[in-house]
């Protein structure tokens with residue numbers, strides 16, 4: 001069968017052109033770059049749903065800036081590649097030590113740097129925590145989180161021992177257990193893992209560039225060091241940020257870019273919206289627009305396809321339809337119960353009714369087959385030598 005000139009590579013046409021009659025004799029074939037090497041042709045072409053650790057910030061910015069409905073559709077498609085989009089994890093967060101924190105986070109009512117309605121208190125006893133965990137489990141929560149307003153655990157040996165007991169007891173109820181206790185050393189992370197801790201929350205808050213505008217009492221790298229210690233101990237990392245701190249879109253992208261480059265993506269990525277509290281430097285900040293929250297969630301879902309995206313603080317300010325849009329954009333966990341640390345939270349019955357109306361179900365505990373083993377520590381002798 002005869003081939004058209006268009007179907008033949010120009011290099012094959014060159015002899016014919018040179019030998020043709022008329023003006024064509026003086027025409028050389030156009031320059032063609034060398035054919036791609038085998039290595040170039042075998043280079044990976046990324047598609048939506050692939051887990052990547054080499055995202056460029058400009059790539060993420062392009063996703064964030066795209067048409068919102070198209071980005072949400074894209075995120076919803078990615079969500080269904082790796083996860084059951086009909087399941088939402090219900091988590092309950094309890095403040096086990098309130099106020100008096102020496103950090104100067106400008107959004108936090110628990111900082112001793114500001115005069116706020118929050119009053120400092122001691123670490124609470126074990127039994128009230130266990131009772132709260134039982135209530136949470138009875139209402140469908142499968143992860144129980146405990147937060148203490150501390151910079152770190154230095155000088156808090158007895159308090160740390162009490163928290164380890166709390167972790168063990170809550171784990172014994174068949175629940176996932178999460179804590180947020182400030183900065184951790186590698187040894188403290190290992191002890192938490194041995195006690196049965198499932199996850200550790202340590203938010204980066206915002207981009208590296210904007211972070212100094214929000215916190216000056218510890219550096220961005222301090223936070224990353226705690227995340228490294230947690231991951232090395234075999235504990236799942238829960239790390240996200242807060243919208244509404246005064247940051248710009250590029251800072252929201254910068255936060256997602258930072259966690260995307262980690263050797264292992266966070267197990268969960270909380271998306272908090274600022275709840276302005278009287279007495280804090282950010283008390284007069286404007287509320288975050290819901291479309292900004294949706295863009296952040298959808299972008300995070302595309303970039304972190306296997307990560308749980310948590311619709312966290314400030315959720316009570318969004319309507320049910322707006323929350324449903326967040327679930328469509330890829331959010332698959334919420335905090336539910338009486339309160340979330342010092343900010344309001346939607347109640348269990350309200351949330352269960354909402355999920356039922358949208359055909360969503362609660363997620364089971366330990367769906368990821370969590371192991372209690374500490375990486376690199378295989379026996380008691382090794383553990384003792386490490387601590």
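Each Cβ is built from the backbone N, Cα and C atoms, and glycine gets one as well.
Values in this document were obtained by computation on a predicted structure and should not be read as measured data.
The [4Fe-4S] cluster binding site annotation in TrEMBL covers 101, 105, 108. Look at TrEMBL and you will find 145, 178, 238, 310 tagged as [2Fe-2S] cluster binding site.
Taking the Cβ of residue 108 ([4Fe-4S] cluster binding site) as reference, residues of its chain lying under 8 Å away and at least six apart in sequence are, in sequence order, 101, 277, 280. Listed binding-site residues: 105, 145; maximum Cβ neighbour count within 10 Å falls on 145. Most buried of the binding-site residues 101, 178, 238, judged by other Cβ atoms within 10 Å, is 238. Annotated [4Fe-4S] cluster site 101, 105, 108; additional same-chain residues within 8 Å of its Cβ mean position, judged by their own Cβ, are 103, 104, 107, 109, 110, 111, 113, 149. A Cα-Cα distance of 21 Å separates residue 310 ([2Fe-2S] cluster binding site) from residue 105 ([4Fe-4S] cluster binding site).
Cβ atoms within 8 Å of the centroid of the Cβ atoms of 145, 178, 238, 310 (the [2Fe-2S] cluster site) belong to the same-chain residues 91, 93, 143, 180, 199, 201, 268, 270, 333, site residues excluded.
Distance noted between the C-alpha atoms of residue 145 ([2Fe-2S] cluster binding site) and residue 105 ([4Fe-4S] cluster binding site) is 21 Å. With respect to their backbone Cα atoms, residue 178 ([2Fe-2S] cluster binding site) and residue 105 ([4Fe-4S] cluster binding site) stand 21 Å from each other. The CA atom of residue 105 ([4Fe-4S] cluster binding site) is located 19 Å away from the CA atom of residue 238 ([2Fe-2S] cluster binding site).
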